Amino acid sequence: MDETGNLTVSSATCHDTIDDFRNQVYSTLYSMISVVGFFGNGFVLYVLIKTYHKKSAFQVYMINLAVADLLCVCTLPLRVVYYVHKGIWLFGDFLCRLSTYALYVNLYCSIFFMTAMSFFRCIAIVFPVQNINLVTQKKARFVCVGIWIFVILTSSPFLMAKPQKDEKNNTKCFEPPQDNQTKNHVLVLHYVSLFVGFIIPFVIIIVCYTMIILTLLKKSMKKNLSSHKKAIGMIMVVTAAFLVSFMPYHIQRTIHLHFLHNETKPCDSVLRMQKSVVITLSLAASNCCFDPLLYFFSGGNFRKRLSTFRKHSLSSVTYVPRKKASLPEKGEEICKV
């Protein structure tokens with residue numbers, strides 16, 4: 001949970017903190033993720049919308065992934081300002097809760113969208129006959145709406161969390177729970193999200209990718225080479241996202257929440273735990289940067305869309321008005337198809 005972002009040193013004998021490390025790492029990495037995520041996903045979303053006449057189920061998932069990423073990266077600058085000001089929140093209680101909420105909506109929407117894409121790509125390759133009826137744009141929209149509703153509702157406790165204040169009555173954001181009752185509630189939420197939001201999807205993609213790889217090995221690589229490349233690209237990017245962004249974060253969060261329940265916390269253990277939180281939470285936020293790679297390497301159609309978009313853009317730049325009786329430009333014809 002994002003409230004585990006900063007662990008307060010509770011040992012009376014420990015006066016060291018990682019505040020400087022935390023503020024520098026978070027402000028630097030969140031700034032980089034904001035820029036890369038905003039321009040990467042913004043560009044992909046712009047191209048997909050401009051070429052929306054070329055509809056596909058894969059495109060529906062890509063659009064939803066890009067929207068989820070953009071909603072998250074738009075709140076990351078608030079975190080950057082917070083850590084630049086050394087842990088003083090300047091934007092009010094609601095934006096504090098919204099910033100936490102947006103990160104987790106993005107995190108689990110990304111996991112579920114990637115899982116859905118992997119499942120339907122598996123159906124398309126392993127069961128090509130059933131693929132005709134199962135992998136459709138309409139079903140993809142239905143799945144995406146279901147994912148949004150589920151994640152938005154299950155993440156709602158972050159919007160209802162009580163604000164925290166320091167001794168100077170400044171609003172504190174992204175802090176760990178202090179009272180035992182809140183710690184227990186957070187622990188329950190953690191295990192629900194761990195199993196439903198990470199372990200089950202991870203098992204699904206492992207099964208799907210195993211079936212895809214076995215099927216591709218049986219088939220001649222010369223046949224459907226484009227489809228094979230897209231499948232391999234998706235396997236590489238999604239696996240990297242799970243291993244780099246999602247898995248370290250969920251493992252560390254489990255350890256951290258149980259660590260909070262310990263009455264005695266050695267100083268060196270507290271400092272190591274704090275640093276591990278900073279690193280893994282930053283890696284979790286970096287999933288926004290993986291998704292543009294997924295669009296490019298696993299979506300052959302996306303590269304065709306990009307080519308169409310570039311041709312249309314060039315034709316718009318070089319377009320010279322003609323008489324009404326003249327034929328339309330080639331770029332205009334492509335855009336209207």
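Just so you know, glycine gets a Cβ as well, placed from its N, Cα and C.
As recorded in Swiss-Prot, the features of this protein are as follows:
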type     : residues     : note
TOPO_DOM : 1-28         : topological domain 'Extracellular'
CARBOHYD : Asn6         : N-linked glycosylation site
TRANSMEM : 29-49        : transmembrane segment
TOPO_DOM : 50-57        : topological domain 'Cytoplasmic'
TRANSMEM : 58-78        : transmembrane segment
TOPO_DOM : 79-106       : topological domain 'Extracellular'
DISULFID : Cys96-Cys173 : disulfide bond
TRANSMEM : 107-127      : transmembrane segment
TOPO_DOM : 128-141      : topological domain 'Cytoplasmic'
TRANSMEM : 142-162      : transmembrane segment
TOPO_DOM : 163-193      : topological domain 'Extracellular'
CARBOHYD : Asn169       : N-linked glycosylation site
CARBOHYD : Asn180       : N-linked glycosylation site
TRANSMEM : 194-214      : transmembrane segment
TOPO_DOM : 215-230      : topological domain 'Cytoplasmic'
TRANSMEM : 231-251      : transmembrane segment
TOPO_DOM : 252-276      : topological domain 'Extracellular'
CARBOHYD : Asn262       : N-linked glycosylation site
TRANSMEM : 277-297      : transmembrane segment
TOPO_DOM : 298-337      : topological domain 'Cytoplasmic'
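Swiss-Prot feature annotations superimposed on the structure.
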residue	record	Cβ within 10 Å
Cys96	disulfide bond	24
Asn169	N-linked glycosylation site	6
Cys173	disulfide bond	26
Asn180	N-linked glycosylation site	10
Asn262	N-linked glycosylation site	11
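In this structure, the C-alpha atom of Asn169 (N-linked glycosylation site) lies 15 angstrom from that of Cys96 (disulfide bond). Across the topological domain 'Extracellular' (252-276), DSSP helix (H, G, I), strand (E, B) and coil residues number 19 helix, 0 strand, 6 coil. Taking residue pairs at least 6 apart in sequence, the transmembrane segment (107-127) and the transmembrane segment (142-162) share three or more C-beta contacts under 8 angstroms. Highlighted: of the candidate stretches 58-78, 107-127, 231-251, 107-127 has the greatest count of Cβ pairs under 8 Å to the transmembrane segment (194-214). In terms of C-beta pairs under 8 Å, the stretch of 29-49, 107-127, 277-297 lying closest in packing to the transmembrane segment (58-78) is 29-49. It is 19 Å from the Cα atom of Cys173 (disulfide bond) to that of Asn180 (N-linked glycosylation site). Using DSSP to sort the residues of the topological domain 'Extracellular' (163-193) gives these counts of helix, strand and coil: 14 helix, 4 strand, 13 coil. Cys96 (disulfide bond) falls within a helical segment according to DSSP.
The distance from the Cα of Cys96 (disulfide bond) to the Cα of Asn180 (N-linked glycosylation site) comes to 22 Å.
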